[in-house]
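Okay, structure first, notes after.
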């Protein structure tokens, strides 16, 4: 019986993870759940999965949880904030830590899990984008197991041989839909609205990730993640536009062979692979029907259309400081675009200006990364006051 902790239990990754766990009560037991604001949903999950530990941000949320959870199952312990998350990540009764907290808030607990030598199912981008070298060093030093939940990286992981995966590897190829503006006239991109940017051609997603898909900064972040996950050089990572999003990623070997992972657009597929690894387990997602596949299209990304992707490759070559600048300035710029304070094309301009104007210090610890991340956000906001 595997003891599971789900950080970010009330989000979409948490939903999919718990859906799979519910299919296999003989294999998995939920030890702990965390949530930030959705206390009603956390109460419902607590009643269903009966965790021993619940983690909420602060005393006010604790009181709210207790008020809503007066009847039925009561967890043995309610822990608070980052300290509670990190304590749970190190907990001797926890085997597997699902890191699905969004943003920099998920960094300390993921790092604590690595230092505790846990089995980590990673969905948080910031862990690798802003602290990749520090995090992977901890994974190796303390004997943690790292399994990616992101569909593209999970696809690469499935395609790579498990013994000496880099021996005959030429490159990995990450696919991208190209977003809603793949064929949009370049000169008109300056006028696109948040509503247009949030209409993804293939999926219904949150507003921020939809804009990241439209600029393709999301692929840039995935390139950075792939470097750390698979110990690759930037030249070993390609991005290709694949509008159907049927192939999630590919791996090319030195003999010219190409392996690809195909599947439906359902996060339960990569999550189930990570949960069950090295076995494969069943879930409720629909199976892929090859008979319904009519075409597979591919093209190289145009960096004039997607300057954020080029900026991500440039940042990767500079190091984790530049990657932190890229991620933090993008988050601020996207938030400003969504409230119509800046133009769509100014997202890339903002990132480029911050990369050019800030000299990244040496980042030797997670605290250094978090402090620098906060500084970049503050400086980006100050810059955008002049736009």
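Cβ coordinates come from backbone N, Cα and C, glycine included.
Automated prediction, rather than curation, is the source of TrEMBL annotations.
Keep in mind the model is a prediction, meaning the values are calculated, not measured.
Positions annotated as domain '1-deoxy-D-xylulose 5-phosphate reductoisomerase N-terminal' by TrEMBL: 4-132.
If you look up TrEMBL, you'll see 10, 11, 12, 13, 124, 126, 206 marked as NADPH binding site. Other Cβ atoms within 10 Å of the Cβ of residue 12 (NADPH binding site) number 14 in total over all chains.
The Cβ of residue 200 (1-deoxy-D-xylulose 5-phosphate binding site) has 177, 179, 180, 210, 213, 214 as same-chain neighbours under 8 Å, each 6 or more residues away in sequence. Taken residue by residue with DSSP, residue 200 (1-deoxy-D-xylulose 5-phosphate binding site) is part of neither helix nor strand, so it is coil. Residues or ranges marked as 1-deoxy-D-xylulose 5-phosphate binding site by TrEMBL: 125, 151, 152, 177, 200, 213, 218, 219, 222.
Taken from TrEMBL, the feature domain '1-deoxy-D-xylulose 5-phosphate reductoisomerase C-terminal' covers 146-230. Within the model, the domain '1-deoxy-D-xylulose 5-phosphate reductoisomerase C-terminal' (146-230) carries an average pLDDT of 93.
DSSP assigns residue 152 (1-deoxy-D-xylulose 5-phosphate binding site) to a helix. Long-range Cβ proximity for residue 152 (1-deoxy-D-xylulose 5-phosphate binding site), meaning a same-chain Cβ under 8 A and a gap of 6 or more residues, is found for 174, 175, 222, 226, 248, 249. The annotation Mn(2+) binding site is assigned in TrEMBL to 150, 152, 222.
The domain 'DXP reductoisomerase C-terminal' annotation in TrEMBL covers 262-378.
Ranking the binding-site residues 11, 13, 150, 206 by the distance of their Cα atoms from the Cα of residue 125 (1-deoxy-D-xylulose 5-phosphate binding site) places 150 first.
In this structure, the C-alpha atom of residue 12 (NADPH binding site) lies 12 angstrom from that of residue 150 (Mn(2+) binding site). Across the structure, residue 13 (NADPH binding site) and residue 150 (Mn(2+) binding site) are spaced 10 Å apart at their Cα atoms. There are 27 other Cβ atoms within 10 Å of the Cβ belonging to residue 150 (Mn(2+) binding site). Taking all protein chains in view, 28 other C-beta atoms sit within 10 angstroms of the C-beta of residue 222 (1-deoxy-D-xylulose 5-phosphate binding site).
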